[in-house]
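In what follows, a structure is listed as C-alpha coordinates, so that the remarks can point back to it.
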Amino acid sequence: MAAALKCLLTLGRWCPGLGVAPQARALAALVPGVTQVDNKSGFLQKRPHRQHPGILKLPHVRLPQALANGAQLLLLGSAGPTMENQVQTLTSYLWSRHLPVEPEELQRRARHLEKKFLENPDLSQTEEKLRGAVLHALRKTTYHWQELSYTEGLSLVYMAARLDGGFAAVSRAFHEIRARNPAFQPQTLMDFGSGTGSVTWAAHSIWGQSLREYMCVDRSAAMLVLAEKLLKGGSESGEPYIPGVFFRQFLPVSPKVQFDVVVSAFSLSELPSKADRTEVVQTLWRKTGHFLVLVENGTKAGHSLLMDARDLVLKGKEKSPLDPRPGFVFAPCPHELPCPQLTNLACSFSQAYHPIPFSWNKKPKEEKFSMVILARGSPEEAHRWPRITQPVLKRPRHVHCHLCCPDGHMQHAVLTARRHGRDLYRCARVSSWGDLLPVLTPSAFPPSTAQDPSES
(Lines of atoms letter the chains of each structure in order from A and count residues from 1; the text may use other names and numbers.)
(Lines give C-alpha, C1' and ligand atoms only; values in the text may rest on other atoms or scores of the structure.)
Protein backbone atom coordinates (compact mmCIF):
# COMPACT_ATOMS: atom_id res chain seq x y z
CA MET A 1 0.00 0.00 0.00
CA ALA A 2 2.78 2.42 0.93
CA ALA A 3 4.66 1.62 -2.26
CA ALA A 4 1.54 2.22 -4.33
CA LEU A 5 0.90 5.57 -2.65
CA LYS A 6 4.53 6.58 -3.18
CA CYS A 7 4.21 5.67 -6.84
CA LEU A 8 0.99 7.68 -7.13
CA LEU A 9 2.60 10.74 -5.53
CA THR A 10 5.65 10.43 -7.78
CA LEU A 11 3.44 10.17 -10.82
CA GLY A 12 1.46 13.21 -9.71
CA ARG A 13 4.45 15.34 -10.66
CA TRP A 14 4.17 14.14 -14.25
CA CYS A 15 2.18 16.68 -16.29
CA PRO A 16 -0.95 14.84 -17.49
CA GLY A 17 -1.28 17.01 -20.56
CA LEU A 18 1.95 15.78 -22.10
CA GLY A 19 0.79 12.25 -22.88
CA VAL A 20 2.01 8.97 -21.42
CA ALA A 21 4.25 9.04 -18.37
CA PRO A 22 7.73 7.81 -19.25
CA GLN A 23 7.68 4.82 -16.92
CA ALA A 24 5.77 2.35 -19.13
CA ARG A 25 3.01 1.85 -21.67
CA ALA A 26 0.92 -0.45 -19.45
CA LEU A 27 -2.83 -0.12 -19.35
CA ALA A 28 -4.07 2.73 -17.19
CA ALA A 29 -5.57 0.52 -14.52
CA LEU A 30 -7.88 1.74 -11.78
CA VAL A 31 -5.98 0.13 -8.94
CA PRO A 32 -8.06 -1.20 -6.03
CA GLY A 33 -7.13 0.12 -2.61
CA VAL A 34 -5.69 3.40 -3.88
CA THR A 35 -7.88 6.51 -3.94
CA GLN A 36 -7.35 7.87 -7.44
CA VAL A 37 -10.01 10.56 -7.73
CA ASP A 38 -8.37 13.70 -9.10
CA ASN A 39 -8.53 15.76 -5.90
CA LYS A 40 -5.56 18.01 -6.69
CA SER A 41 -7.87 20.94 -7.47
CA GLY A 42 -10.70 20.11 -5.07
CA PHE A 43 -12.80 19.21 -8.10
CA LEU A 44 -16.10 18.70 -6.26
CA GLN A 45 -15.89 22.04 -4.40
CA LYS A 46 -18.57 20.85 -1.93
CA ARG A 47 -20.90 19.90 -4.78
CA PRO A 48 -22.68 16.52 -4.79
CA HIS A 49 -21.15 13.72 -6.83
CA ARG A 50 -23.93 13.96 -9.42
CA GLN A 51 -22.55 17.39 -10.35
CA HIS A 52 -18.88 16.44 -10.70
CA PRO A 53 -17.07 18.39 -13.46
CA GLY A 54 -16.73 15.39 -15.75
CA ILE A 55 -20.49 15.27 -16.40
CA LEU A 56 -21.04 16.65 -19.89
CA LYS A 57 -24.19 15.03 -21.25
CA LEU A 58 -27.04 17.41 -21.93
CA PRO A 59 -30.65 16.73 -20.99
CA HIS A 60 -33.14 16.44 -23.83
CA VAL A 61 -32.29 19.10 -26.41
CA ARG A 62 -35.13 21.11 -27.93
CA LEU A 63 -35.01 23.32 -31.03
CA PRO A 64 -35.44 27.06 -30.43
CA GLN A 65 -39.14 27.80 -30.79
CA ALA A 66 -38.55 30.25 -33.66
CA LEU A 67 -36.67 27.58 -35.62
CA ALA A 68 -39.28 24.88 -34.98
CA ASN A 69 -42.09 27.24 -36.01
CA GLY A 70 -40.26 28.21 -39.20
CA ALA A 71 -39.66 24.57 -40.14
CA GLN A 72 -43.31 23.67 -39.57
CA LEU A 73 -44.48 26.64 -41.62
CA LEU A 74 -42.22 25.73 -44.55
CA LEU A 75 -43.28 22.11 -44.47
CA LEU A 76 -47.00 22.86 -44.25
CA GLY A 77 -46.72 25.15 -47.24
CA SER A 78 -44.76 22.78 -49.47
CA ALA A 79 -45.00 19.19 -48.28
CA GLY A 80 -46.88 16.60 -50.30
CA PRO A 81 -48.65 13.45 -49.11
CA THR A 82 -45.48 11.36 -49.55
CA MET A 83 -43.30 13.52 -47.30
CA GLU A 84 -43.21 10.99 -44.46
CA ASN A 85 -41.96 8.22 -46.77
CA GLN A 86 -39.39 10.55 -48.31
CA VAL A 87 -38.10 11.52 -44.87
CA GLN A 88 -37.74 7.88 -43.80
CA THR A 89 -36.01 6.94 -47.06
CA LEU A 90 -33.52 9.81 -46.88
CA THR A 91 -32.81 9.18 -43.19
CA SER A 92 -32.01 5.50 -43.83
CA TYR A 93 -29.91 6.35 -46.88
CA LEU A 94 -27.79 8.93 -45.07
CA TRP A 95 -27.23 6.67 -42.08
CA SER A 96 -26.19 3.62 -44.12
CA ARG A 97 -23.96 5.58 -46.49
CA HIS A 98 -20.35 4.44 -46.90
CA LEU A 99 -17.34 6.42 -48.01
CA PRO A 100 -16.57 6.37 -51.75
CA VAL A 101 -14.07 3.70 -52.77
CA GLU A 102 -10.72 5.19 -53.77
CA PRO A 103 -9.26 4.37 -57.24
CA GLU A 104 -6.28 2.57 -55.67
CA GLU A 105 -8.63 0.31 -53.71
CA LEU A 106 -10.65 -0.45 -56.87
CA GLN A 107 -7.47 -1.45 -58.68
CA ARG A 108 -6.44 -3.70 -55.80
CA ARG A 109 -9.82 -5.43 -55.81
CA ALA A 110 -9.70 -5.84 -59.59
CA ARG A 111 -6.26 -7.49 -59.44
CA HIS A 112 -7.46 -9.82 -56.69
CA LEU A 113 -10.54 -10.86 -58.70
CA GLU A 114 -8.49 -11.33 -61.87
CA LYS A 115 -6.07 -13.60 -60.04
CA LYS A 116 -8.98 -15.56 -58.58
CA PHE A 117 -10.56 -16.10 -62.01
CA LEU A 118 -7.25 -17.14 -63.59
CA GLU A 119 -6.69 -19.76 -60.88
CA ASN A 120 -9.99 -21.48 -61.76
CA PRO A 121 -9.17 -24.23 -64.32
CA ASP A 122 -12.85 -24.75 -65.17
CA LEU A 123 -13.16 -21.30 -66.73
CA SER A 124 -11.84 -20.74 -70.23
CA GLN A 125 -10.96 -17.07 -70.26
CA THR A 126 -10.21 -14.78 -73.14
CA GLU A 127 -8.89 -11.35 -72.23
CA GLU A 128 -12.23 -9.77 -73.10
CA LYS A 129 -14.24 -12.30 -71.08
CA LEU A 130 -11.88 -11.94 -68.14
CA ARG A 131 -12.25 -8.17 -68.14
CA GLY A 132 -16.04 -8.49 -68.30
CA ALA A 133 -16.11 -10.98 -65.43
CA VAL A 134 -13.94 -8.74 -63.26
CA LEU A 135 -16.09 -5.67 -63.95
CA HIS A 136 -19.27 -7.62 -63.23
CA ALA A 137 -17.88 -8.87 -59.91
CA LEU A 138 -16.70 -5.37 -58.97
CA ARG A 139 -20.15 -3.91 -59.58
CA LYS A 140 -21.72 -6.55 -57.36
CA THR A 141 -19.27 -6.18 -54.46
CA THR A 142 -18.37 -2.46 -54.48
CA TYR A 143 -20.42 0.27 -52.82
CA HIS A 144 -21.71 2.68 -55.46
CA TRP A 145 -21.30 6.14 -53.94
CA GLN A 146 -23.34 8.94 -55.49
CA GLU A 147 -23.12 12.65 -54.88
CA LEU A 148 -26.34 14.20 -53.60
CA SER A 149 -27.62 17.28 -55.38
CA TYR A 150 -29.82 19.25 -53.01
CA THR A 151 -32.60 20.79 -55.03
CA GLU A 152 -35.39 22.82 -53.46
CA GLY A 153 -37.49 19.70 -52.91
CA LEU A 154 -34.69 17.54 -51.51
CA SER A 155 -33.54 20.38 -49.25
CA LEU A 156 -37.01 20.48 -47.71
CA VAL A 157 -36.96 16.71 -47.13
CA TYR A 158 -33.51 17.02 -45.56
CA MET A 159 -34.80 19.73 -43.24
CA ALA A 160 -37.67 17.52 -42.09
CA ALA A 161 -35.34 14.55 -41.63
CA ARG A 162 -32.19 16.03 -40.11
CA LEU A 163 -32.72 19.53 -38.71
CA ASP A 164 -33.50 18.47 -35.14
CA GLY A 165 -31.02 15.58 -34.90
CA GLY A 166 -28.19 17.63 -36.37
CA PHE A 167 -28.96 20.47 -33.97
CA ALA A 168 -28.80 18.04 -31.03
CA ALA A 169 -25.40 16.60 -32.01
CA VAL A 170 -23.77 19.98 -32.58
CA SER A 171 -25.30 21.36 -29.37
CA ARG A 172 -23.64 18.53 -27.44
CA ALA A 173 -20.25 19.36 -29.00
CA PHE A 174 -20.61 23.08 -28.25
CA HIS A 175 -21.77 22.32 -24.71
CA GLU A 176 -18.54 20.44 -24.03
CA ILE A 177 -16.47 23.46 -25.06
CA ARG A 178 -18.51 25.80 -22.88
CA ALA A 179 -18.56 23.44 -19.88
CA ARG A 180 -14.81 22.85 -19.91
CA ASN A 181 -13.78 26.34 -21.02
CA PRO A 182 -16.41 28.78 -19.70
CA ALA A 183 -14.11 31.76 -20.28
CA PHE A 184 -14.12 31.15 -24.04
CA GLN A 185 -16.41 33.71 -25.70
CA PRO A 186 -16.15 33.38 -29.50
CA GLN A 187 -17.04 36.28 -31.74
CA THR A 188 -16.84 34.61 -35.18
CA LEU A 189 -17.95 31.23 -36.52
CA MET A 190 -17.68 29.51 -39.89
CA ASP A 191 -19.86 26.54 -40.83
CA PHE A 192 -18.73 24.43 -43.79
CA GLY A 193 -21.60 22.54 -45.42
CA SER A 194 -24.06 24.63 -43.45
CA GLY A 195 -27.20 23.05 -44.91
CA THR A 196 -30.28 24.15 -43.00
CA GLY A 197 -28.24 26.35 -40.65
CA SER A 198 -28.60 24.16 -37.55
CA VAL A 199 -24.99 24.93 -36.53
CA THR A 200 -25.74 28.66 -36.49
CA TRP A 201 -28.80 28.12 -34.29
CA ALA A 202 -26.91 25.81 -31.93
CA ALA A 203 -24.00 28.26 -31.63
CA HIS A 204 -26.40 31.13 -30.97
CA SER A 205 -28.05 29.09 -28.21
CA ILE A 206 -24.66 28.61 -26.52
CA TRP A 207 -22.75 31.83 -27.26
CA GLY A 208 -25.41 34.21 -28.55
CA GLN A 209 -24.18 37.01 -26.29
CA SER A 210 -20.69 37.07 -27.80
CA LEU A 211 -20.99 35.86 -31.41
CA ARG A 212 -21.10 38.68 -33.93
CA GLU A 213 -20.50 36.91 -37.25
CA TYR A 214 -21.69 33.58 -38.65
CA MET A 215 -20.31 32.52 -42.05
CA CYS A 216 -22.42 29.76 -43.64
CA VAL A 217 -20.84 27.96 -46.61
CA ASP A 218 -22.82 25.51 -48.75
CA ARG A 219 -22.52 24.77 -52.46
CA SER A 220 -26.28 24.20 -52.77
CA ALA A 221 -28.02 27.48 -53.56
CA ALA A 222 -31.38 25.91 -52.67
CA MET A 223 -30.10 24.93 -49.23
CA LEU A 224 -28.80 28.45 -48.58
CA VAL A 225 -32.20 29.90 -49.51
CA LEU A 226 -33.90 27.46 -47.13
CA ALA A 227 -31.52 28.33 -44.28
CA GLU A 228 -32.18 32.03 -44.81
CA LYS A 229 -35.94 31.45 -44.73
CA LEU A 230 -35.60 29.55 -41.45
CA LEU A 231 -33.75 32.53 -39.99
CA LYS A 232 -36.75 34.69 -40.92
CA GLY A 233 -39.35 32.39 -39.38
CA GLY A 234 -40.12 30.48 -42.57
CA SER A 235 -40.76 33.48 -44.82
CA GLU A 236 -38.76 35.30 -47.48
CA SER A 237 -39.13 38.70 -45.85
CA GLY A 238 -38.69 40.14 -42.40
CA GLU A 239 -35.79 40.50 -40.03
CA PRO A 240 -33.64 37.43 -39.32
CA TYR A 241 -33.93 36.00 -35.83
CA ILE A 242 -30.12 35.87 -35.58
CA PRO A 243 -28.21 38.93 -36.83
CA GLY A 244 -24.79 38.78 -38.47
CA VAL A 245 -25.36 35.64 -40.58
CA PHE A 246 -23.74 35.59 -44.02
CA PHE A 247 -24.12 33.01 -46.78
CA ARG A 248 -21.78 31.97 -49.56
CA GLN A 249 -21.42 28.98 -51.89
CA PHE A 250 -17.64 28.59 -51.85
CA LEU A 251 -15.16 28.01 -49.07
CA PRO A 252 -12.77 30.96 -48.61
CA VAL A 253 -9.23 29.66 -49.08
CA SER A 254 -7.29 32.69 -47.83
CA PRO A 255 -5.72 31.95 -44.41
CA LYS A 256 -5.51 35.63 -43.51
CA VAL A 257 -8.94 35.70 -41.88
CA GLN A 258 -9.56 33.16 -39.12
CA PHE A 259 -12.71 32.30 -37.19
CA ASP A 260 -12.86 31.55 -33.48
CA VAL A 261 -14.91 28.41 -34.15
CA VAL A 262 -14.92 26.43 -37.41
CA VAL A 263 -17.47 23.63 -37.86
CA SER A 264 -18.11 20.86 -40.35
CA ALA A 265 -21.18 18.84 -39.38
CA PHE A 266 -22.17 15.85 -41.55
CA SER A 267 -20.35 17.42 -44.52
CA LEU A 268 -16.98 15.66 -44.91
CA SER A 269 -18.84 12.47 -45.83
CA GLU A 270 -20.41 14.34 -48.75
CA LEU A 271 -17.03 14.86 -50.44
CA PRO A 272 -16.22 12.48 -53.33
CA SER A 273 -12.65 11.44 -52.43
CA LYS A 274 -10.03 11.31 -49.72
CA ALA A 275 -8.03 13.95 -51.58
CA ASP A 276 -11.00 16.32 -51.43
CA ARG A 277 -11.47 15.66 -47.72
CA THR A 278 -7.78 16.28 -47.08
CA GLU A 279 -7.88 19.59 -48.92
CA VAL A 280 -11.00 20.74 -47.06
CA VAL A 281 -9.66 19.74 -43.62
CA GLN A 282 -6.41 21.58 -44.32
CA THR A 283 -8.34 24.69 -45.31
CA LEU A 284 -10.65 24.46 -42.29
CA TRP A 285 -7.71 24.15 -39.91
CA ARG A 286 -5.97 27.15 -41.45
CA LYS A 287 -9.19 29.11 -40.88
CA THR A 288 -9.40 27.97 -37.23
CA GLY A 289 -8.49 30.47 -34.55
CA HIS A 290 -9.41 28.37 -31.51
CA PHE A 291 -11.65 25.32 -32.09
CA LEU A 292 -12.33 23.08 -35.10
CA VAL A 293 -15.47 20.99 -34.51
CA LEU A 294 -16.06 17.98 -36.79
CA VAL A 295 -19.26 15.91 -36.47
CA GLU A 296 -20.41 12.89 -38.50
CA ASN A 297 -22.77 9.94 -38.18
CA GLY A 298 -21.92 7.54 -35.37
CA THR A 299 -20.99 4.78 -37.83
CA LYS A 300 -17.71 3.12 -38.77
CA ALA A 301 -17.55 5.29 -41.89
CA GLY A 302 -18.15 8.50 -39.93
CA HIS A 303 -15.67 7.60 -37.20
CA SER A 304 -13.02 6.57 -39.74
CA LEU A 305 -13.05 9.82 -41.69
CA LEU A 306 -12.96 11.85 -38.46
CA MET A 307 -9.85 9.94 -37.36
CA ASP A 308 -8.24 10.69 -40.74
CA ALA A 309 -8.95 14.40 -40.20
CA ARG A 310 -7.65 14.22 -36.62
CA ASP A 311 -4.40 12.59 -37.72
CA LEU A 312 -3.95 15.11 -40.52
CA VAL A 313 -4.10 18.03 -38.10
CA LEU A 314 -1.96 16.38 -35.41
CA LYS A 315 0.80 15.46 -37.87
CA GLY A 316 1.08 19.12 -38.74
CA LYS A 317 1.08 18.70 -42.51
CA GLU A 318 -1.20 21.70 -42.94
CA LYS A 319 0.75 24.24 -40.86
CA SER A 320 0.17 27.81 -41.87
CA PRO A 321 2.97 30.37 -41.65
CA LEU A 322 0.36 32.84 -40.38
CA ASP A 323 -0.58 30.65 -37.39
CA PRO A 324 2.11 28.12 -36.40
CA ARG A 325 0.35 27.07 -33.18
CA PRO A 326 0.06 23.28 -33.06
CA GLY A 327 -3.20 21.41 -32.63
CA PHE A 328 -4.33 19.00 -29.95
CA VAL A 329 -7.43 16.92 -29.32
CA PHE A 330 -9.82 18.73 -27.00
CA ALA A 331 -12.51 16.03 -27.21
CA PRO A 332 -13.44 13.25 -27.07
CA CYS A 333 -9.98 11.63 -26.91
CA PRO A 334 -7.90 12.25 -23.74
CA HIS A 335 -4.74 11.73 -25.84
CA GLU A 336 -3.15 12.33 -29.25
CA LEU A 337 -2.25 8.66 -29.78
CA PRO A 338 -3.84 6.32 -32.38
CA CYS A 339 -7.50 5.61 -31.69
CA PRO A 340 -7.80 2.28 -29.82
CA GLN A 341 -11.34 1.76 -31.15
CA LEU A 342 -10.66 2.31 -34.84
CA THR A 343 -10.54 -1.40 -35.67
CA ASN A 344 -13.47 -2.36 -33.46
CA LEU A 345 -16.67 -0.43 -32.77
CA ALA A 346 -17.13 3.15 -33.90
CA CYS A 347 -16.43 5.72 -31.19
CA SER A 348 -19.83 7.35 -30.99
CA PHE A 349 -22.04 9.22 -28.56
CA SER A 350 -25.76 9.70 -28.06
CA GLN A 351 -27.80 12.83 -27.43
CA ALA A 352 -31.51 12.79 -26.60
CA TYR A 353 -33.70 15.44 -28.20
CA HIS A 354 -37.29 16.49 -28.76
CA PRO A 355 -38.02 16.25 -32.50
CA ILE A 356 -39.98 18.78 -34.50
CA PRO A 357 -43.64 17.87 -33.85
CA PHE A 358 -44.43 16.54 -37.31
CA SER A 359 -47.10 13.85 -37.52
CA TRP A 360 -44.59 11.01 -38.01
CA ASN A 361 -42.18 11.99 -35.24
CA LYS A 362 -42.13 10.06 -31.99
CA LYS A 363 -40.80 11.43 -28.72
CA PRO A 364 -38.14 11.34 -27.55
CA LYS A 365 -35.39 10.52 -30.03
CA GLU A 366 -31.67 9.80 -29.78
CA GLU A 367 -29.05 11.16 -32.15
CA LYS A 368 -26.04 8.85 -32.46
CA PHE A 369 -22.99 10.70 -33.71
CA SER A 370 -19.20 10.77 -33.76
CA MET A 371 -17.23 13.93 -33.16
CA VAL A 372 -13.74 15.29 -32.76
CA ILE A 373 -12.93 18.75 -31.41
CA LEU A 374 -9.45 20.03 -32.25
CA ALA A 375 -7.97 23.10 -30.60
CA ARG A 376 -4.96 25.29 -31.10
CA GLY A 377 -2.45 25.39 -28.28
CA SER A 378 -0.93 22.85 -25.92
CA PRO A 379 -2.47 19.57 -24.68
CA GLU A 380 -1.76 20.83 -21.15
CA GLU A 381 -4.82 23.05 -21.58
CA ALA A 382 -7.18 20.06 -21.82
CA HIS A 383 -8.47 17.64 -19.20
CA ARG A 384 -6.72 14.31 -19.37
CA TRP A 385 -9.40 12.33 -17.60
CA PRO A 386 -10.66 9.05 -19.12
CA ARG A 387 -13.68 9.26 -21.42
CA ILE A 388 -16.63 6.90 -20.91
CA THR A 389 -17.17 5.34 -24.33
CA GLN A 390 -20.20 3.10 -23.72
CA PRO A 391 -23.34 3.23 -21.58
CA VAL A 392 -22.47 2.84 -17.89
CA LEU A 393 -23.72 -0.46 -16.51
CA LYS A 394 -24.95 -0.04 -12.93
CA ARG A 395 -25.24 -3.12 -10.75
CA PRO A 396 -25.74 -3.65 -6.99
CA ARG A 397 -22.63 -2.32 -5.22
CA HIS A 398 -20.55 -2.08 -8.40
CA VAL A 399 -20.53 -0.32 -11.74
CA HIS A 400 -19.01 -1.15 -15.15
CA CYS A 401 -17.29 1.64 -17.10
CA HIS A 402 -15.63 1.33 -20.51
CA LEU A 403 -12.94 4.00 -20.62
CA CYS A 404 -10.63 5.53 -23.20
CA CYS A 405 -7.58 6.39 -21.08
CA PRO A 406 -4.88 9.06 -21.46
CA ASP A 407 -2.28 6.41 -22.37
CA GLY A 408 -4.21 5.59 -25.55
CA HIS A 409 -5.70 2.29 -24.36
CA MET A 410 -9.21 1.09 -23.59
CA GLN A 411 -10.11 -0.23 -20.16
CA HIS A 412 -13.16 -2.04 -18.84
CA ALA A 413 -13.19 -0.91 -15.21
CA VAL A 414 -15.39 -2.56 -12.58
CA LEU A 415 -15.59 -0.13 -9.66
CA THR A 416 -16.77 -0.64 -6.09
CA ALA A 417 -16.74 1.66 -3.07
CA ARG A 418 -14.74 -0.84 -1.02
CA ARG A 419 -11.99 -1.39 -3.58
CA HIS A 420 -11.77 2.06 -5.18
CA GLY A 421 -13.09 4.52 -2.59
CA ARG A 422 -16.48 6.14 -2.17
CA ASP A 423 -15.74 9.28 -4.21
CA LEU A 424 -14.63 7.42 -7.32
CA TYR A 425 -17.47 4.90 -7.04
CA ARG A 426 -20.14 7.60 -6.64
CA CYS A 427 -18.73 9.65 -9.51
CA ALA A 428 -18.78 6.60 -11.78
CA ARG A 429 -22.30 5.64 -10.75
CA VAL A 430 -23.79 9.02 -11.67
CA SER A 431 -21.80 9.36 -14.91
CA SER A 432 -23.13 8.61 -18.39
CA TRP A 433 -21.90 7.62 -21.83
CA GLY A 434 -19.72 10.46 -23.13
CA ASP A 435 -18.80 11.92 -19.73
CA LEU A 436 -15.29 12.23 -18.31
CA LEU A 437 -14.39 10.29 -15.18
CA PRO A 438 -12.33 12.57 -12.87
CA VAL A 439 -9.73 9.97 -12.01
CA LEU A 440 -5.96 9.73 -12.23
CA THR A 441 -4.85 6.75 -14.31
CA PRO A 442 -1.09 6.38 -13.75
CA SER A 443 0.39 4.04 -16.33
CA ALA A 444 3.07 2.86 -13.90
CA PHE A 445 0.47 0.79 -12.07
CA PRO A 446 -0.03 -2.71 -13.49
CA PRO A 447 -3.45 -3.55 -14.93
CA SER A 448 -5.98 -4.80 -12.42
CA THR A 449 -6.43 -8.55 -12.58
CA ALA A 450 -9.47 -8.64 -10.32
CA GLN A 451 -12.49 -10.49 -11.63
CA ASP A 452 -15.84 -8.77 -12.09
CA PRO A 453 -17.84 -8.99 -8.86
CA SER A 454 -20.88 -11.17 -8.82
CA GLU A 455 -24.06 -9.51 -9.97
CA SER A 456 -26.18 -11.64 -7.73
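Including glycine, each Cβ sits where the backbone N, Cα and C put it.
Listed features, source Swiss-Prot:
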| type | residues | note |
| --- | --- | --- |
| TRANSIT | 1-19 | transit peptide |
| BINDING | Cys333, Cys339, Cys347, Cys404 | [4Fe-4S] cluster binding site |
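Listed in chain order, the extra residues whose Cβ falls within 8 Å of the Cβ center of the [4Fe-4S] cluster site residues Cys333, Cys339, Cys347, Cys404 are Pro332, His335, Pro340, Gln341, Arg387, Thr389.
A coil conformation is recorded for Cys333 ([4Fe-4S] cluster binding site) in the three-state DSSP classification, outside any helix or strand. A coil conformation is recorded for Cys347 ([4Fe-4S] cluster binding site) in the three-state DSSP classification, outside any helix or strand.
DSSP gives Cys339 ([4Fe-4S] cluster binding site) a coil state; it is part of no helix or strand. There are 23 other CB atoms within 10 A of the CB of Cys333 ([4Fe-4S] cluster binding site), with all protein chains counted.
Mapped onto three states, the DSSP output places Cys404 ([4Fe-4S] cluster binding site) in strand.
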